[in-house]
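Notes to accompany the following structure.
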Number of protein chains: 2
Amino acid sequence: MANITKKVSWSSRADESAAAGEATPLLNGSEQPQHSRQDSLRGRPKEIPHNEKLLSLKYESLDYDNIENQLFLEEERRMSYMGFRCLEISRWVVCGLIGFLTGLIACFIDIVVEQLAGIKYQVVKENIEKFTEAGGLSISLILWAVLNFTFVMVGAIIVAFFEPIAAGSGIPQIKCYLNGVKIPRVVRLKTLVIKVCGVICSVVGGLAVGKEGPMIHSGAVVAAGVSQGRSTSLKRDFKIFEYFRRDTEKRDFVSAGAAAGVSAAFGAPVGGVLFSLEEGASFWNQMLTWRIFFASMISTFTLNFFLSIYHANPGDLSNPGLINFGRFEGDSVTYNLYEIPLFIAMGAIGGLLGALFNVLNYWLTIFRIRYVHRPCLQVMEAMLVAAVTATVSFTMIYFSNDCQPLGPESTEEYPLQLFCADGEYNSMATAFFNTPERSVRSLFHNQPGTYNPLTLGLFTLTYFFLACWTYGLAVSAGVFIPSLLIGAAWGRLCGILLASITSTSSVGAQHSSTIWADPGKYALIGAAAQLGGIVRMTLSLTVIMVEATGNVTYGLPIMLVLMTAKIVGDYFEEGLYDIHIKLQSVPFLHWEAPATSHWLTAREVMSSPVTCLNRIEKVGTIVDILSNTSTNHNGFPVVVQVPGSDEPAKLCGLILRSQLIVLLKHKVFVELARSRLTRRKLQLKDFRDAYPRFPPIQSIHVSQDERECMMDLTEFMNPTPYTVPQETSLPRVFKLFRALGLRHLVVVDDENRVVGLVTRKDLARYHLGKHGLEELQLAQT
Amino acid sequence: MANITKKVSWSSRADESAAAGEATPLLNGSEQPQHSRQDSLRGRPKEIPHNEKLLSLKYESLDYDNIENQLFLEEERRMSYMGFRCLEISRWVVCGLIGFLTGLIACFIDIVVEQLAGIKYQVVKENIEKFTEAGGLSISLILWAVLNFTFVMVGAIIVAFFEPIAAGSGIPQIKCYLNGVKIPRVVRLKTLVIKVCGVICSVVGGLAVGKEGPMIHSGAVVAAGVSQGRSTSLKRDFKIFEYFRRDTEKRDFVSAGAAAGVSAAFGAPVGGVLFSLEEGASFWNQMLTWRIFFASMISTFTLNFFLSIYHANPGDLSNPGLINFGRFEGDSVTYNLYEIPLFIAMGAIGGLLGALFNVLNYWLTIFRIRYVHRPCLQVMEAMLVAAVTATVSFTMIYFSNDCQPLGPESTEEYPLQLFCADGEYNSMATAFFNTPERSVRSLFHNQPGTYNPLTLGLFTLTYFFLACWTYGLAVSAGVFIPSLLIGAAWGRLCGILLASITSTSSVGAQHSSTIWADPGKYALIGAAAQLGGIVRMTLSLTVIMVEATGNVTYGLPIMLVLMTAKIVGDYFEEGLYDIHIKLQSVPFLHWEAPATSHWLTAREVMSSPVTCLNRIEKVGTIVDILSNTSTNHNGFPVVVQVPGSDEPAKLCGLILRSQLIVLLKHKVFVELARSRLTRRKLQLKDFRDAYPRFPPIQSIHVSQDERECMMDLTEFMNPTPYTVPQETSLPRVFKLFRALGLRHLVVVDDENRVVGLVTRKDLARYHLGKHGLEELQLAQT
């Protein structure tokens, strides 16, 4: 956990990282860098010291607060009530589209994966059948490994070389986006394409991954694309939904997309809504939530509908998600009061195992950041993992002799006979050959006795390390299903052990046999515990699990298990997503300021001095300020000086870098106003057209004459930015900032003069460490 | 809908209404009353003109913003990290307790109702059996009517005479509380006791009511009581949870209580959480929501556990709520794409019928406000309704000859043979004699053919008007179950009609028969449509319905139906709860400012001039300001004047009436400070002890000498109140106010001088009427 040199990150690729990060200027001017290694590294400007105590200045905030400047207000005032109704209706249409497309993508992934997996199974099976007698199973192994290899290689190449941000599950990135951090390129069309192809490759490649996590990312990209009514990548503008081209609206739609993704992945529309709220909520808006729910519903429904057609059973809409836990019904749902302590104990085990998983993955990620940062190395690692996965699986199948009868009611779709007698199949082979989703389901629902404890134990152990190694590879893949699978395996093992203990003990044997009879129940609890221990989500995960099991009865046990797993796990290590977010130094804002931060006030927290602009400012000054790479501010308080008086300037507004850029680009100078009588006035549309990829200041040419012109910002600045006095406590500042999703909060003195500016980074710096309140450093990584 | 004279309200009883309401001062001093009738009514001071365009000044806001004064900050800073952990743990304990007690109360109500209903059924049945042959059925009718009569009378008397606020379902009141309006006496222990007894009486009395709505109120009262660690009514202080004695914490717990109530009523823990969020959320806090969910889970679990013991089936935890829709499983869950238009049409019918219900109930409520305001009249009306209900039911049973075979698998618990052949029962009698919950379930799940269309049609018609008449009576009762019952009845009727249409038509008869076979599905959709049409809840209702049916497959149809019902219904009339809230002139804040209000700024909206206090103020002045009944302000900006300068005073803080009262009571005067060296300093505890029933200013004696003393407010005022500039647009003010749950928002000019104050009433005044933006009047009703 020492300081390590960092070269790769979610967003920086070679071309971009060269431009940024010459030095590590601290936004908070009053403080000196306490980090002595920085100086020693000055010789190597591209290698910034990296540890988890750093906070990157690279990430920008989204602006969830509307810029209510004169242009905006004029537009809003011009709009009639009917106009607002139409807007509202188009919001619903967009959400419906988001849900529909997300459902379609999920459907596409599912069908392609199943088809490819089926082909792979056929090929390998025929090969095995041919060689089992002849004794040349090593040829089958090689064939299998080569197949997996190829898929994984393709998946890794497209991710590593074309869009590194598509790696992993995408949930950490979406968490950040919903939290209000702009992660570059995370919601682009290209990312979506790579993600979808990558997921198919890695799942078919037999890695220990799931296809569910990436759905959330896919949904978010769909939302960001559809809601803007254009594709910047394809250079197509459909001239629709122009009103939605701003951070506020876009973030709302991305929430809906993420929810639709969860909904499609787990058949959990309510869980999807809660996921979005848990990660993204600023102030909770009823209509927004209702729309998010609509998108989720449509997504589930679409997936369901098309899958029912694919399965030649149209109209059967009872398989709502990509993964379906199957229904827990009848006797197996019953649990008793005295089982609850057992569930809680399993929750604790899940927490421990989850923490172990996270610690191992943390070390691995550090290792990867340090040594495996070149795309070709990343591809090679992915291929190595694929090969190891295939070899380990094959070895275990080879040495396992857990044969199960192949009954007529058996649900196995890919039974492998191998060395078993006729009419039997090898259950270890099934566990490895099935898609992980199907394995989870059979662990939940197969008859008692289907799995032998040794098989389960070995499987848990192997899969645990494989999944841990796999997460963080340069492939698109999720960690939900592997976690569920590990948990279901050891949970079922617990169930079997409990059953054998209680059946050998004499007391109450008859009664208990009905309760311990179903290890599937324990598999479910184990799965919840393991997943909770790894990802540490709370409310949304409970609801997702409850919806996926389709039974509210298990709500309380699942909740208790997830709570226990979170409490136990948090004692050792953070959640997996949080680890990855932290390792990227993202300025992530939690729900509340650290509890013990009441002694901090806005004065200590804010950045100062602040670069202010005058209401009527010289163009040259503006260009110089914007070009200053060492500060790179994005929001500038606008002040007004009473002419001829020496009173200090008062705050009168706030203007953003992006707005200034557009103004400069359109040369909105006072001196040109007279000649511009014929030209049209700058409108909100001009800002929207430039959104979200505003050109850099370098691309805007301002002549020497123009530098002497003046710019009147009155019409464009936000005249009523939120302000706080200097004495405001950190929790209060935090609450205002977080509840309204602000990007800049101006700190003023009691005469309304600007004394500082609070941004996301200033607030994210403070966090609760092991030794009380700690302060992170800011660095231009 | 004309102006009517208003005498009764949720909270004003004779003694209180006399004190209030001498005149109708407008808080916004700049405006003149436009309402000419006011003058003509001056002679009758107790009769305030009332229409729905008025907004009452009587209701106070809750303060969801922490008062971060020096005392508070000192306490917070003294607290260690462990202290915060302990607080957090005690919050969980409180939520657990809330859930447990709410579950227990639900269990108690359920068992008592069932026992009493059973006794009533036995008595009436024996009587009917005795008299059927002899032809004296009128005696049975009278017996039945007298029984109902007695129960309803008891229920009405306790409500009307002892606690009028316990009338109705309590959901409008809880909506207001969660919205941030302090409704007097709504969360008191006495209200809870009356509510529980009242509900039992009205359900057993055979009124067209449900016992589910009141559970939400009960849960809220439990939460408000438990979280404060004392009962003011019982004068017991347990000296625990003292930290929670402020509006912020209390409102959080009340949210949890309301959620626990929903959860116990419908077995819908997630629905409960969403209900609380939908009604109460300011900024969404993850830990809070998680705790609310915990309370809901515990509540469902407790109810489930104790009911399973009561039903001699301990451990069967699959009946989570008071009402259980039964499981929709197997073939009956299937719906097809082409059924969706039918569902939407049913949603539209539900919206229409709901609007009709609401309009009728609106007129009725106006009538009641005008003429039925004395408790004895209210009791008489309730008894009249009871008698009419009994008579109508009996008549319909008498004339109906819908006999159904009493099969061995029949689930009817109260079959009545009446004029049917042996082995058959009268299905109309069943529908009326069953508890409404059971009737709903049998409409959902009974075999096709159980009900005859005429029975259903008549039943719908009768029950519709009975339910409409009943809601608003001075009895504790909910409208959820009657709505569901009406909807289920006409929904099933639709199903039956559809089945008969499709079976007579030749095309595709074989295929369609499997789909139209189950009218239970249509009963469910009808129930959702009717309920949605009446109450117009959105997300939470969908989730509640989905959870109660235990099947996520129906999510989309239910959602579409509820949406349609809401859109159609809203076209004619508001939701039932909103009507009642409006008729009480409660300053209820919606989610967003009216869409077309961008042309309004804080300057137009705010109240001015504002009564300000100096940082060091004369006691006499404070007492005079507080005693001024014509203004009755609750928050006072504190300003500071630079001594010896003629500059205008700057804002430096905000202090509340309740704080000033405590300061006056403890005589915290500058002059006494010297002599008070031995006396202890005023602590936060003193404010907490006085919370929430701060004494009125009249009860505090201040001598003439003391009037000349000075009070230093520095330590007690909130030094960093939220402020906005005058130019801020209404939507922006609204968003800040609502997201942070503020009570006072100070409007300042660009020199930080106070120019106005925005309170809840100023914002609630603006609403979107039929003719664009309308402004409500303020009156001290």
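Any Cβ shown, glycine's included, is placed from N, Cα and C.
These features come from TrEMBL:
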type     : residues  : note
COMPBIAS : A:1-12    : compositional bias 'Polar residues'
REGION   : A:1-45    : region 'Disordered'
COMPBIAS : A:34-45   : compositional bias 'Basic and acidic residues'
TRANSMEM : A:92-113  : transmembrane segment
TRANSMEM : A:141-162 : transmembrane segment
TRANSMEM : A:192-210 : transmembrane segment
TRANSMEM : A:253-276 : transmembrane segment
TRANSMEM : A:288-310 : transmembrane segment
TRANSMEM : A:340-364 : transmembrane segment
TRANSMEM : A:376-399 : transmembrane segment
TRANSMEM : A:454-474 : transmembrane segment
TRANSMEM : A:480-501 : transmembrane segment
TRANSMEM : A:522-546 : transmembrane segment
TRANSMEM : A:552-572 : transmembrane segment
DOMAIN   : A:717-775 : domain 'CBS'
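Stretch with the most C-beta contacts under 8 angstroms to the transmembrane segment (A:288-310), considering only A:141-162, A:253-276, A:340-364, A:376-399, A:552-572: A:253-276. Remark: the transmembrane segment (A:253-276) contacts the transmembrane segment (A:522-546), by the rule of 3 or more CB pairs under 8 A. Touching of the transmembrane segment (A:192-210) and the transmembrane segment (A:552-572) is ruled out by the presence of fewer than three CB pairs under 8 A, sequence neighbours closer than 6 excluded.
Across the domain 'CBS' (A:717-775), the model assigns an average pLDDT of 88. Distant neighbours of the transmembrane segment (A:376-399): 137, 140-141, 144-145, 148-149, 151-153, 155-157, 160-161, 205-208, 368, 416, 418, 426, 428-429, 432, 458-459, 462, 466, 469-470, 473-475; these residues of the same chain sit at least 6 beyond its ends, with a Cβ under 8 Å from one of its Cβ atoms. Secondary structure counts, DSSP: the domain 'CBS' (A:717-775) has 16 helix, 24 strand, 19 coil.
Within its own chain, the transmembrane segment (A:454-474) is flanked in space by residues 156, 159-160, 164, 167-169, 207-209, 353, 357, 360-361, 364-365, 368, 375, 378-379, 381-382, 385, 388-389, 392-393, 396, 400, 402, 427-428, 431, 482-483, 485-486, 489-490, 492-493, 496, 576, 580, which lie at least six positions past its ends and keep a Cβ under 8 Å from the stretch.
Highest Cβ pair count under 8 Å relative to the transmembrane segment (A:522-546), across stretches A:92-113, A:141-162, A:340-364, A:552-572: A:552-572.
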